[in-house]
Amino acid sequence: MDPTFENEMSDSAPTPLPAHDASLLGGLRSSQARLFAGIVALLCILYVAFALTPSSYALAYEYLGLAPQQPLLGTARYIRTDEWMVFTPYIQIAVGNDFGQVNAHSAYHESLRTFQALPLLDWGLLFKPYHWAFFLLPAANAYSFFFMFMAMAFLCGWALFLRQLRLPALAAMLVSVTLFFAPFVQVWWTSNAGAFALAPWAAVAWLRIGHRGLRIAASAYALAAWLVAVSYPPFIISSLLAMAVLVLAFRRDAITLRRLFDAAVAGAIALAVFVGYFHDIIPIVRNTVYPGQRQSAGGGVGLTTLLAHLFPNLMTYRFAPLPLFKASNDCEIAVLGSLLPLFTVVLADGARLRAWAGSHRSTLLILAAGLLLIACWIFLPIPAVVGKLTGLSMVPPARALLAFGLLLNIGCAMILVRCGVRLERWRLLLLAALLVAGSLAKFLFGEGQLSRLHSTADALPYLCLAALAIAAKRPRLSVHAASLVLATAALANLLGNGLFNPVQPAGPIFAMDRTAVLQSLQARGARNNTEGVLVAPGGFGALLPGAGIAAVNHVLYLPQLDYFGRYFPAMQDEAFNFTFNRYHHITVAADSDMPRVLQGDLVEVPANILLAAPACATPGTRDCRAGAQP
């Protein structure tokens, strides 16, 4: 081996850790920090000025019979129906109702105070800074601001959290970018941005702020804002568990009785805000068949998913599942993966790693215990009763991949930074060989199919590895070997997943032609019932109410038992409760006589009954269904 090449490609020195300054741009000269902040601010301003979003709402136009629309960049994803069929239409509904708390234009007159935060003019707006722009800007630009705010909150929040774990500024920012563009985050982003982006801020406030009163206030506000944004327990619990393990592993010095007491006080304040804001709907949701009575047991996720954390694209063609996993979909198969774990296995300086592990046994044990606990819940058939003891029964195993990925990737980044890396030729060749093995392994999942297993996305890790090898040969760059490795992982995720969600202007979203939509639906058999409510064959999510049309077809966050009780007074109580006491999409069938549950969140109702006059004119469920069989 060429000794010159060997020396240039080797760097065992760990990256220096921050001593006191844990700010986001700590370590940069003031001029550099101002330049960086200015560039980021300019990009954010341009993004909002052009009203850009990652929405897949372009699919709605064809669905509604309008002229097809195309995003500026990327492809609208049908799989993201919970965004373009639900969340975005509900934003339209909130705007159309002048930010009131009830949808006055709907047949159901449903509450808009839901567990996915909408821009409403009530006291909860104090905890929704991401929606403040709706009261200052046109709706399209405000919706763009929402996504820009969430993206910056994610990148800055997780970078600041990593700074509190004693990562250097550059490393923290690179890892934050890697996490943001991880498959799991991108496939769930457009309807769950708040759950991911606001997660670290309470921990940052708790770890960073010295003044006790300010620490409690900031932590309480950040936690309340997070809970109100997207009240989805699987992602909240997963993030909390991962952050708790990381703090316990890397910042035990911050865990004092005083700080724990402060955390309890902040948590109590945030819980009071949450309960106060949602006090009307919490008991309703808790008593629903779905999701209120849903309890998860452990297991059910294949062990191949574990390998997917090491080998990008192992289970997917582009983003779609390979034939062996066809029962899954683009979202369910995603993991919070990157090249960081593979880089750690191959490139970490073994001697320094052993020395560091010897002096940080408790750190490694805590990290390993956290990973093992979550892995057991994901892969092993653990009874739900065991999950109730830890709160994991509220986390379907596939959603716990969020916690596993956070722990694995952040843990690997900490090891790479603290122990240094060795960019020797044989290590890079070994990396290339392992990537080839991962690519070949995809043939095992093709069920005999040889085509549509590999795409250009499979070439990206090789290109990034080649770029790493070239950069490492330059002396000025090779002295920053750990940063090069982190940058390579970030670049691979950015290129591979950055356009899962498209770039879609929001202007057309808030300029729907209601008349054209009505004409298209009527041409396809939609009719108004005796109360003037549109009944359209098929399922449209919340697209029709979003366009300002009062329709039976809708997505109901809360059960509307009174409404359906008027049309189905003779249904047995148990069947009626099972059918309508849930979060669900309402789809209309032209050739059915009775409502039925097609899946957990999808209910089909018969058109002929909804078009006729209600069997009971009294709006109260108790009166309407007095004659129903128990």
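Yeah, the Cβs are placed from backbone N, Cα and C, and that goes for glycine too.
What TrEMBL says about a protein is an automatic prediction, not a curated fact.
Here's what TrEMBL has on this protein:
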- 35-410: domain 'DUF7657' (DOMAIN)
- 35-53: transmembrane segment (TRANSMEM)
- 132-160: transmembrane segment (TRANSMEM)
- 167-185: transmembrane segment (TRANSMEM)
- 191-209: transmembrane segment (TRANSMEM)
- 221-248: transmembrane segment (TRANSMEM)
- 260-278: transmembrane segment (TRANSMEM)
- 299-320: transmembrane segment (TRANSMEM)
- 332-351: transmembrane segment (TRANSMEM)
- 363-380: transmembrane segment (TRANSMEM)
- 400-421: transmembrane segment (TRANSMEM)
- 428-445: transmembrane segment (TRANSMEM)
- 479-500: transmembrane segment (TRANSMEM)
TODO: Take every residue in the domain 'DUF7657' (35-410), average their pLDDT values, and give the whole-number result.
DONE: 96
Task: In contact by Cβ distance (the transmembrane segment (332-351), the transmembrane segment (428-445); 3 or more pairs under 8 Å) - done: yes
Task: Close approaches to the transmembrane segment (363-380) from elsewhere in its chain (Cβ under 8 angstroms; 6 or more beyond its ends) - done: 241-242, 245-246, 248-250, 298-299, 301, 303, 305-306, 357, 387, 390, 392, 395, 397-398, 400-401, 403-404, 407-408, 411
Task: Selection from 260-278, 299-320, 400-421, 479-500, the stretch that has most Cβ pairs under 8 A to the transmembrane segment (221-248) - done: 400-421
TODO: Output the single range from 167-185, 260-278, 332-351 maximising the number of Cβ pairs under 8 Å to the transmembrane segment (400-421).
DONE: 332-351
Open item on the list: Short question: most Cβ pairs under 8 Å with the transmembrane segment (167-185), which of 299-320, 332-351, 479-500?
Closed with: 479-500
Task: Long-range Cβ neighbours of the transmembrane segment (332-351) (under 8 Å; 6 or more residues past either end) - done: 12, 14, 175, 178-179, 182-188, 305, 308-312, 315-316, 319, 321, 325, 398, 401-402, 404-406, 408-409, 412-413, 415-416, 419-423, 427, 430-431, 434-435, 461, 464, 485-486, 488-489, 492-493
